[in-house]
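As written in TrEMBL, here are the features:
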ACT_SITE  Glu135  active site, proton donor
ACT_SITE  Asp268  active site
ACT_SITE  Glu375  active site, proton donor
ACT_SITE  Glu403  active site
BINDING   Thr492  Ca(2+) binding site
DISULFID  Cys332-Cys361  disulfide bond
Amino acid sequence: MLMFLSKCVGFSFSGRKCGSLFFPGSDICLECAILCACICYFDCNTLSVGPVDRLEAVRDTFRHAWKGYKEHAWGHDELKPVSKSYGEWFGLGLTLVDSLDTMYILGLKEEFEEAKNWVETQLSFSKNVDVNLFESTIRILGGLLSTYHLTGDQLFLEKAKDIGSRLMPAFKTPSKIPYSDVNIGKGTAHPPRWTSDSTLAEVTSIQLEFRELSRLTQEPHYQEVVNEVMKLVHKLPGKHDGLVPMFINTNSGQFTHKGVFTLGARADSYYEYLLKQWIQGGKTEDDLLEDYLQAVEGVKKHLLRQTGPSRLTFVGELSHNRFNPKMDHLVCFLPGTLALGAHNGLPGDHMDLALQLMETCHQMYAQMETGLSPEIAHFNLQARDGRDVDVKPADRHNLLRPETVESLFYMYRFTKDTKYRDWGWDILQSFNKYTKVSSGGYTSINNVRDPVNPGPRDKMESFFLGETLKYLYLLFSDDMELLSLDKYVFNTEAHPLPIWPSPPK
């Protein structure tokens, strides 16, 4: 008779699985069903959910996103979940490639195998198409390299070598500062149509990937071209106590639009990659460390302020010596990066600042009616008004971005403070409440201040699967050796690459 019994998969108040045997008819026993009903009658959100349940919730979120992609956008770049269609950027299956390592890490074997089969049989880079050097490096090259390291499957390394070699024409410029766009089929490269400038963040945030490609292939030219960029930027005039302008000219190799400094769009990952290259290379490249430490001091000197009402510490922007209390959500990478530096022996006050900024990034979610952060926040420096965060109408959208949950992951790994997990759980619940599309997929929204009509934008960015859900899963995992931060460094698209062995002394 026992062979007909089922094991209950319900959860007790403590978050432990029930596991009792009962006659099948559902997945949970009668006691757990009653308990669940009682809890939901009062307030489902008051239930203390255990870590196993949270991990499964991330898997469920991924499966729902993947369902939409598979049914309506398979092999295309991005899902449009509301219209049940797709958008094309490069025509290279961007969401699928960006998600490979996430599926592997989450243990979604069936989904991973069908994606791998597509990569093996359908992914071709011999296309007459312009791709953005930065985006294709961090998403495609980075995704293939990390999946190779996780699986050991040569397929992904061969594909990585193919795309890496096709991106090399970008570096054939008068200054050795790469062009922004490459035609991977024709082998030609060019700047954007409207300027001969490249974005500073883009040309200085491709190094981890090309350096690793050189290490794996034993072909030094990949590393040489990206190291040359860092050497040039290291020596350039026009910095402001380590802070860099947002643009650099591919002809002259000089900064342009000088006097404007931000840690948001167009500059953000320059600072991130200074630290991460230093870590990747075994902490031997002193110029990178010097530039990073100087930049952190520049941030503290010129960009840090506190709000009037609650004394929240935030990072603003500087435009020709005028301070603007504006902070992109993108800047929320910084708490995690500062904490990573402190973990690797950098000054303790970096961790102090990380703790303060993490609270601010949390408040950018908590103070919004949907519990989701806007793309850009403006902070109140006046003491008399009660609200810390103000959002202009044009900035109220949320793109399912990963930066805050990324930093929560680092902060939990280094402090073990469970509040960071709780904050991440709140964010995941808000994503499921306000961005989930019932037929499959998740959508960016127009208005985080309007829970009644958040305004779906009909687009699921590849980084929602490649980054946001991966960092949430790692945040909730109790396995500290799962992608240990002493063994791996994450690229700016959340693709883990190994830290190189230290050279013999």
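Cβ coordinates come from backbone N, Cα and C, glycine included.
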Here the Cα-Cα span from Thr492 (Ca(2+) binding site) to Asp268 (active site), rounded to a whole number of angstrom, reaches 10
Listed in sequence order, the residues of the same chain lying six or more positions from Glu375 (active site, proton donor) whose CB sits under 8 Å from its CB are Asp328, His329, Asp395, Arg396, His397, Asn398, Leu399, Arg401
Least Cβ-packed of the active-site residues Glu135, Asp268, Glu403 (other Cβ atoms within 10 Å) is Glu135
Rounded to a whole number of Å, the separation of the Cα atoms of Glu403 (active site) and Cys361 (disulfide bond) comes to 9
As a whole number of Å, the Cα atom of Cys332 (disulfide bond) is distant from the Cα atom of Asp268 (active site) by 10
